[in-house]
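Enquirer: Handing you this structure, nothing more for now.
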Ligand SMILES: CC(=O)N[C@H]1[C@@H](OP(=O)(O)OP(=O)(O)OC[C@H]2O[C@@H](n3ccc(=O)[nH]c3=O)[C@H](O)[C@@H]2O)O[C@H](CO)[C@@H](O)[C@@H]1O
């Protein structure tokens with residue numbers, strides 16, 4: 001390893017789930033004396049998130065990898081090839097010690113370019129079954145770290161290591177006082193949080209809006225709708241919407257009793273960390289490879305969650321799942337308190353550097 005250079009190239013994008021770990025690593029790597037840089041797409045969510053961190057951001061051309069045959073695939077092949085050339089130039093100029101990829105389409109050209117330039121590549125996979133981007137990237141990786149132990153068997157050509165989730169432990173610092181101030185709610189009724197994944201969920205949003213009067217009979221409801229999805233036509237003192245929350249998430253979680261959520265890996269492990277019983281509504285096979293269905297079933301099996309399939313979502317099913325959770329609340333939170341297998345970003349930053357120094 002070149003001891004003169006202290007740059008670490010991070011990549012990953014498309015949804016927050018493919019960026020959050022990178023964001024958490026930035027202050028830790030900086031504290032350790034390394035210089036994090038980022039390669040992302042020109043307009044993806046990773047660009048907005050990285051703008052807040054003020055680290056150097058390099059954008060490359062990026063295409064989508066589809067699992068179905070489409071004319072767009074042909075156009076995107078050129079974009080991916082252009083992305084590899086863009087990434088090669090950046091890697092040549094910056095000469096980082098290593099590339100760390102959190103997955104998503106934009107990461108593939110970066111990993112291919114790193115392999116061509118002999119830059120060591122490390123990958124993290126958060127879901128039970130790997131995404132297409134990580135499956136391709138893993139073939140060029142020095143190591144793949146996985147959130148779930150079961151995932152290690154999915155990577156046959158790569159060195160794999162079970163790590164557990166890397167979580168932002170600041171979520172444990174939420175204060176109920178702040179949560180009540182932000183929502184104007186009180187301790188008089190239970191609080192239900194609805195979280196549609198980092199981009200929000202149209203289906204879940206519409207369902208909540210349709211049934212908000214019924215839900216607020218028993219609960220005060222915090223609804224994270226996803227960017228630009230606020231419904232201004234609803235006015236109900238026991239209902240509050242936020243399109244996206246950053247630092248305040250911990251305070252809102254502190255006052256929430258039960259969370260209804262999509263089953264993106266980061267979100268569900270964060271809910272486990274803060275011990276919030278959850279009802280998971282995974283993204284269906286019509287819109288994904290089914291990774292959220294597997295994540296949700298895994299959490300159900302562990303006793304942390306109830307699951308409602310998107311096509312079976314109706315108010316009666318939701319009511320019965322809510323009562324099931326309320327009846328077993330202390331058992332569920334006890335089980336959650338036994339979960340110890342999370343990594344702090346600081347520990348993972350150290351592990352990454354250690355790996356690259358071997
Ligand atoms: C549509 C899609 O492709 N979803 C994938 C994406 O989900 P998605 O991008 O939704 O990722 P996750 O659910 O894993 O994480 C969402 C993150 O956003 C944060 N958050 C969310 C709302 C908010 O207002 N504020 C906030 O900070 C959560 O705390 C969490 O850290 O990546 C996950 C991890 O690979 C996959 O399991 C999902 O299948």
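Indices start at 1 and increase along the chain as displayed.
Cβ from N, Cα, C; glycine included.
Okay, these came from TrEMBL:
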- 168, 198, 292: UDP-N-acetyl-alpha-D-glucosamine binding site (BINDING)
- 8-145: domain 'Glycosyltransferase family 28 N-terminal' (DOMAIN)
- 191-341: domain 'Glycosyl transferase family 28 C-terminal' (DOMAIN)
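Describe the structural surroundings of these features, if you would.
Expert: Residue 198 (UDP-N-acetyl-alpha-D-glucosamine binding site) falls within neither a helix nor a strand when secondary structure is assigned with DSSP, and so counts as coil. For residue 198 (UDP-N-acetyl-alpha-D-glucosamine binding site), the number of other Cβ atoms no farther than 10 Å from its own Cβ, over all displayed protein chains, is 22.
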Enquirer: Among residues 168, 198, 292 annotated as binding UDP-N-acetyl-alpha-D-glucosamine, what is the maximum Cα-Cα distance? Answer in Å.
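Expert: Output for UDP-N-acetyl-alpha-D-glucosamine binders 168, 198, 292: max Cα distance 21 Å.
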Enquirer: Averaged over the domain 'Glycosyltransferase family 28 N-terminal' (8-145), what pLDDT does the predicted model reach?
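Expert: The predicted confidence over the domain 'Glycosyltransferase family 28 N-terminal' (8-145), as a mean pLDDT, is 92.
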Enquirer: Look at the binding-site residues 168, 292 and tell me which residue has the greatest number of other C-beta atoms within 10 angstroms of its C-beta.
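Expert: Checking each of 168, 292, the winner is 292.
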